[in-house]
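> Here's a structure for you.
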Amino acid sequence: MTLYDRALKLMFLLPPERIHGIISGALQTLHLATPVNRVMEKAVRVHDPVLRQTVFGVDFPAPLGLAAGFDKNAEAIDSWGAIGFGYAEMGTVTPKSQPGNPTPRLFRLPEDKAILNRMGFNNKGALVVADNLRARRSRDVVGINIGKNKTSEDAVADYRATSTLLGQLADYLVVNVSSPNTPGLRDLQAVEELRPILEVVKKSTTTPVLVKIAPDLSDEDIDAVADLAVELELAGIVATNTTISRSGLKTPASKVEKMGAGGISGAPLENRSLEVLKRLHERVGDKLVLVSVGGISTPEQAWERITAGASLLQGYTPFIYGGLGWIRGIHRGIAAQIKAHGLDSIEQAVGSGLEWKAL
């Protein structure tokens, strides 16, 4: 058992949202301590040129990034690169601040190495996030995940407002229409609803725009979103968000039922997230950048996503269960596979179908 595993057992004695607050507070302190940041970055981050790539015009030093949902307000923005991530996605950010859903709204499923959440886009609003983005000192790659306010009746206007304000301050934007925790949001994944949103975001910014989809979409709907993304010349697709499915869980059904509604993230998404990635890659090839997220717990799983067509990876729940060692392990594992296959860079591995080599 590692030191982090021991710490995790102690942390799990506290409510999940309390732990999130403690970790966020520590990272915000690191964010403010520039000298410590630099020492951490040198000691923890995997600096290997084979991991570097240029994706939609942005230079990524490494492929694994923090998924949206952890740093909703970009309050620890300068700390994510220091602890090893190649980039970080802030948000989800809405035009106006909102409290999200009532607590408790965050639950652990340790038997599944998963989390169930129904946070509901709790955030301080686009203006606060814009100020935090302007104040950042690092030049690490930062994406912004944007959504609509819960009470808004004009989704297009919400996405326009946030993309106009934040687009110029980010390296890329992600249109989130796939969270299960805002009533009616997932309905916006239907092409007739999604088209005007993506069109207005594209017109509002010159920053690369991606769309994030749910794992629960039918294959036909996945194809339709992919085709629309190609037609509108989006930069890419992030696949996938949390799932509303409860199948295949090790946690007793009665316990999960008591937790209530919400999306599940972590290990249970592994198979479906990979299926969606493969379908997208078959559909769009290299016309779009694919960002894979959901159930990437090991270096071997990360390599499988890269060779199945993902240029970039993301994680949130595995970071909670694995800590800094998870980030470092993923990057070291990918770098070792690139070299073992005689490749010069990660770009040559993307979509290659190369299998994992035991080293």
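Heads up, the Cβ atoms here are built off N, Cα and C, so glycines get one too.
Swiss-Prot feature annotations, pasted as is:
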- SER179: active site, nucleophile (ACT_SITE)
- ALA68, GLY69, PHE70, ASP71, LYS72, THR92, ASN145, ASN176, LYS212, THR240, GLY266, GLY295, TYR316, THR317: FMN binding site (BINDING)
- LYS72, ASN117, ARG118, MET119, GLY120, PHE121, ASN176, ASN181, ASN241, THR242: substrate binding site (BINDING)
> If you draw a 10 Å sphere on the Cβ of ASN241 (substrate binding site), how many other Cβ atoms land inside?
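Looking across every protein chain shown, the total is 30.
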> List the residues of the same chain that sit at least 6 positions away from GLY120 (substrate binding site) in sequence and have their Cβ under 8 Å from its Cβ, in sequence order, or write 'none'.
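In sequence order, GLN98, GLY100, ASN101, ARG105, LYS150, ASN181, THR182 meet the Cβ cut-off.
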> Let me make sure I understand the structure: which of the recorded positions listed (ASN145, ASN176, SER179) has the fewest other Cβ atoms within 10 A of its Cβ?
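Checked ASN145, ASN176, SER179; of these recorded positions, fewest Cβ neighbours within 10 Å: SER179.
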> Tell me which of the recorded positions ARG118, ASN176, SER179, ASN241 ends up closest to ASN145 (FMN binding site) in space, Cα to Cα.
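The smallest Cα gap between ASN145 (FMN binding site) and any of the recorded positions is with ASN176.
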> What same-chain residues, at least 6 away in sequence, bring their CB to under 8 Å of the CB of LYS212 (FMN binding site)?
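Result: ALA68, ASN145, VAL174, VAL175, ASN176, VAL177, SER178, ILE237, VAL238, ALA239, THR240, ASN241.
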> What whole-number distance in angstrom separates the two most remote CA atoms of the FMN-binding residues ALA68, GLY69, PHE70, ASP71, LYS72, THR92, ASN145, ASN176, LYS212, THR240, GLY266, GLY295, TYR316, THR317?
21
> Tell me the coarse DSSP state (helix, strand, coil) of ASN176 (substrate binding site).
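It is in a strand.
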> Between GLY266 (FMN binding site) and the residue listed as 'active site, nucleophile', how far is it from one CA atom to the other, in Å?
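Spelling it out, the Cα of GLY266 (FMN binding site) and the Cα of the residue listed as 'active site, nucleophile' are 15 Å apart.
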> Where does ASN145 (FMN binding site) sit in DSSP terms: helix, strand, or coil?
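In the DSSP reduction, ASN145 (FMN binding site) maps to strand.
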> Of PHE70, LYS72, SER179, TYR316, which is closest to ARG118 (substrate binding site) if I measure between C-alpha atoms? They're all recorded positions.
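It is SER179, whose Cα lies nearest.
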> CB neighbours of ARG118 (substrate binding site) within 10 A?
22
> Cβ-Cβ under 8 Å from LYS72 (FMN binding site), same chain, 6 or more residues apart: which ones?
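Expected: MET90, GLY91, THR92, VAL93, ASN122, ASN123, LYS124.
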